[in-house]
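Asks: Got a structure for you, written out below as structure tokens; questions coming shortly.
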Amino acid sequence: MGLTKDYQRITCAGVCNVVNSTNGMIQAVDKVICAASACESINFYNLRTGEMANSIRRDNHQVTAFKFSPNKRFLAIGYDDGEIHLYDRKNDDNNKPVIFDGHKRGINTLAFSHDGFTLASGGKDSLIILWDVLNESGKYRLNGHTDSITQLQFTIDNKYLVSSSKDTSIRFWDVSSHSCFYTISESISEIYGFALIKNDQLLVVGSAEVELIVYELNWLNQIKEDEELQDSNEKNNQTKKRKLISEPLVGSDFIEEDSDQGNTIIRSKRRGRLIRQAKGRALQLAVSPDEAVICVLGGDVIMDIFRVYDNDEAKKRLAKKLRKAKRKLEIKDDDEEQEKITEAEISKDVTIFISRIGEFRSESKLKWIDYTGEFSKKDENGRQYRIYGMQSNNTLHGITVAVDFKTNEVQSESLANLNKRGHRSDVRCFAVAENNRTFVSGSADSGIIWDLNSLLPINRFEADEMKDLISAFYVPGDKYVIFGSKDGALFIFDLATCDLINEYKKAHDGGIWSIVGLPNKSGFVTVGSDKKAHFWEYQMVTEIGNARILKLNQIRSTELEDEILCATISPNGRFIIFGLLNFTARVHYLDSLKFFLSLYGHSLPVMCLDVDIESKLVVTGSSDKGCKIWGLDFGDCHKSLYGHSDAVTAVKFNKSTEEKLLFSAGKDGKIIQWDAIKFNKIQILDGHFAEIRDMIFTYDGRTLISSSHDKSIRIWEETDELVVLSEQEAAEIEKDYLEKMIDAEDIIPGEGKDSDAELATKKSVETIKSTETILEAIEIIRTEKREKESNSKHADHPLIVAYGSTSHEHFILDAIHRIRPAHLERSLLMVPFGYVPEIIKSLTKCIEDHYRIELSTRILLFLFKIHHNYISRSINLFPLIDDLRLRIPAEIEEVRDKISFNSAALKLLKLQLEDRDNVKIFKDVSQIDGKGKKSKKKPGERAALIRAKV
């Protein structure tokens with residue numbers, strides 16, 4: 001048996017350049033700090049200083065949605081694999097979130113109830129799931145939508161949930177009955193968002209159309225029997241009536257109601273449509289804290305601003321429109337026209353209570369915005385709002401919107417941004433300094449020099465005519481940087497000042513795809529889409545003032561039969577190799593440029609190539625999704641490597657002479673490490689979430705740098721952990737087996753395939769492992785009982801001792817207690833019924849001992865629900881059930897009384913301490929409005945302030 005070769009595991013050591021994801025979200029934390037999603041992280045930025053204050057990261061999973069609770073204490077983050085991580089920001093340990101796992105696909109939207117105790121999530125799998133924040137578990141799953149969920153929002157009383165979906169419908173759900181009681185499906189296109197305002201009476205819906213649809217919602221309330229009625233017979237005979245919770249909007253009496261669909265909770269009326277100026281779909285409807293302004297984002301740079309009028313203002317606008325109409329009729333003096341224009345017709349005008357008053361234009365597309373919780377009053381009629389805006393060009397902006405409510409004039413301005421933290425477009429090229437301390441990156445707008453240790457930008461390279469940079473090169477000595485552009489120009493920058501010192505506009509007639517340095521460091525080679533390769537040499541020229549600057553001199557050139565996409569020079573300086581559009585790579589002698597070898601075998605153009613450090617092997621990557629390893633002596637193909645699901649965009653050999661390893665990157669977002677001798681796939685570097693543009697090694701070979709369409713630049717380094725191929729293969733086989741188990745859904749008693757509500761959690765690896773934990777605990781107890789019967793001096797199982805359990809029954813509950821609450825129900829569902837009686841008997845004993853009564857009761861009720869038919873027919877379990885029927889309510893009532901007694905005692909103690917010391921305890925300064933007038937304190941009164949974490 002041969003020896004197994006081990007390799008060093010490579011992990012992502014750092015990320016830079018990415019400020020926010022292209023399709024990410026932004027949330028305001030306070031008036032200075034905001035949170036934005038950036039690939040796998042949630043980054044907290046201070047827009048006043050431009051620095052990153054904090055970051056929450058989960059490797060290899062992209063953030064798709066996140067939401068703060070109303071009091072900013074909880075932060076829920078949804079990922080592309082359907083998991084939701086809930087962080088309590090008052091706890092210092094942010095590395096241990098509560099994990100909710102119920103969606104099969106990515107999370108689209110999250111919404112907290114107004115009390116912050118319930119979290120609703122909507123995903124691409126068309127499911128809505130409600131989660132209990134305090135109990136850290138799932139409540140139930142709502143079925144009904146047939147396409148991706150786009151937005152969720154609770155009503156003010158938290159009794160109902162409103163959802164929108166790409167299936168062109170808006171649904172209203174009863175939180176208590178777990179059912180949908182009303183549906184609005186009048187839209188003819190996908191719905192992307194809505195705004196529920198004016199005490200839940202006004203619903204503004206945004207879709208793929210250029211118009212917003214406005215609905216009036218009238219909520220009904222059941223009148224209870226009149227307390228003044230003395231006669232019980234009259235009270236029983238009195239019918240229950242329905243009335244509106246609040247007064248209808250202006251002009252509601254003249255609008256016909258839509259179909260009530262048999263519900264007794266809500267009535268809706270379609271009030272009209274509002275035209276947007278922004279093109280494309282309505283991505284988001286953001287409501288100001290005072291619900292007076294709605295900002296609507298579209299598919300371009302325009303943000304439409306709408307004003308919402310209160311009832312008094314709406315009545316005045318209606319009266320004004322009526323007077324205006326009457327004056328027009330008096331001028332025309334037309335009786336027919338007077339009959340047509342009535343109060344009913346004018347009342348149907350939706351602009352009575354909502355109208356467009358202005359817009360904000362940004363430099364790039366706005367993808368998401370959020371209001372800060374504060375707004376300032378400029379004068380009696382004006383207010384100023386602060387907005388955080390996320391743009392599609394990898395930057396955030398702090399925007400102020402000033403609205404004059406008397407004249408409806410809008411003034412908006414961008415006051416702060418994070419433009420200096422990275423590129424505005426994709427990074428297409430890299431170059432590394434010889435000292436391995438810095439590297440430069442080029443994009444469509446500029447070049448940036450980065451510190452390799454801190455991963456912060458040092459300076460920028462910008463010029464008026466410089467655009468679409470696709471190649472970069474450090475001049476030996478690390479004093480100058482050269483960029484090549486897509487229009488065939490070369491730009492030389494001084495690294496010390498970052499000034500442009502020279503420019504060659506027509507170096508090539510097409511894009512310069514690669515710049516390769518000569519081995520003797522006297523110059524470099526450029527190749528382009530004009531089928532030519534130009535050789536340049538450096539010249540130091542003395543200018544006026546004794547300043548020496550770098551200039552280039554073209555010494556020779558060669559032309560090939562097709563467009564050159566890439567080039568490299570062997571480390572021994574003997575060969576130059578070109579990758580061509582005609583699916584081949586050509587090897588030429590560097591000194592004479594004579595043809596040596598043609599490497600043919602790819603079925604699509606050769607996009608990239610590289611030579612190993614010993615100049616013996618060549619690797620080529622192609623658009624045919626494969627890599628080929630060639631011998632440089634005879635041009636024979638040693639091996640074809642296929643591991644990517646899309647075109648290969650970059651290949652690199654490592655710098656070590658001990659082992660020949662190569663890395664390939666593709667449009668599938670993966671970097672794969674290969675053994676170039678044994679041709680084994682060693683490991684996959686997951687981290688990028690879009691196609692990879694370029695990849696480069698530092699000169700010492702210790703660091704790999706890669707860039708992607710997701711705007712991120714990632715640094716990869718070796719760790720001390722070893723990769724054993726045999727263990728890795730076994731882990732992949734086990735992973736496939738677990739995925740098959742997860743795909744086999746369990747049948748839940750009492751739930752049909754088309755039911756509105758189901759269990760919140762889904763079957764996963766964690767739930768399977770949790771089930772195995774329960775079964776293992778029961779098997780241990782069974783073994784322990786048998787051993788005790790045969791040997792009275794038998795020592796307890798080590799796991800029982802580790803848990804600190806005082807009895808066998810307590811041990812089973814202790815094992816279940818270690819399961820995450822979010823996975824508990826699904827884990828119990830997979831426990832075979834043969835183990836259920838022992839669980840019930842153990843929990844009954846725990847309740848008798850007053851041990852974890854709340855958890856025991858929860859488990860028992862769930863087991864009774866899913867195994868009701870079997871338990872009710874069991875002769876052995878029937879006495880236990882009859883005893884629990886009386887015992888559980890009494891025990892729960894006792895626990896409730898203890899909690900109430902302790903709470904009252906703490907309140908009394910607080911009052912006694914305040915009276916004794918004349919100190920106001922636990923006054924939360926985060927709830928104090930710093931801009932308001934200072935309250936006058938009574939003489940001698942002091943306040944002990946405890947600042948809450950933000």
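Placed from the backbone N, Cα and C atoms, the Cβ positions cover glycine too.
Curation plays no part in TrEMBL annotations; they are all automatic predictions.
Straight out of TrEMBL:
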{"type": "REPEAT", "residues": "100-133", "note": "repeat 'WD'"}
{"type": "REPEAT", "residues": "142-183", "note": "repeat 'WD'"}
{"type": "REPEAT", "residues": "599-640", "note": "repeat 'WD'"}
{"type": "REPEAT", "residues": "641-675", "note": "repeat 'WD'"}
{"type": "REPEAT", "residues": "685-717", "note": "repeat 'WD'"}
{"type": "DOMAIN", "residues": "809-910", "note": "domain 'Small-subunit processome Utp12'"}
{"type": "REGION", "residues": "930-950", "note": "region 'Disordered'"}
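Situate these features within the shown structure.
Replies: When Cβ-Cβ distances below 8 Å are used as the criterion, the repeat 'WD' (100-133) is approached by residues 64-71, 73-74, 76, 78-86, 139-154, 156, 158, 161, 163, 165, 167, 173, 175, 760-762, 764, 766-767, 822-823 of the same chain, each at least six residues removed from its ends.
Counting same-chain residues at least six beyond the ends of the repeat 'WD' (142-183), those with a Cβ under 8 angstroms from any Cβ of the stretch are 108-115, 118, 120-130, 189-194, 196, 199-200, 203, 205, 207, 260-261, 263, 265-266, 268, 754-758.
Long-range contacts of the repeat 'WD' (599-640) within the same chain, counting only residues at least 6 positions beyond its ends with a Cβ under 8 Å from a Cβ of the stretch, are 565-572, 574-575, 577, 579-587, 646-657, 660, 662, 664, 666, 674, 676, 679.
DSSP assignment over the repeat 'WD' (641-675) gives 0 helix, 19 strand, 16 coil.
A Cβ distance under 8 Å defines the sequence-distant neighbours of the repeat 'WD' (685-717), meaning residues of its chain 6+ beyond its ends; these are 10-19, 21-22, 38-40, 59-60, 62, 394, 422-423, 426-432, 434, 436, 439, 441, 450, 452, 455, 646, 649-650, 652, 654-656, 663, 665-673.
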Asks: For the repeat 'WD' (641-675), could you work out the same-chain residues 6 or more beyond its ends whose Cβ comes under 8 Å from its Cβ atoms?
Replies: 5, 7, 10, 604, 607-614, 617, 619-629, 681-697, 699-701, 704, 706, 708, 710, 716
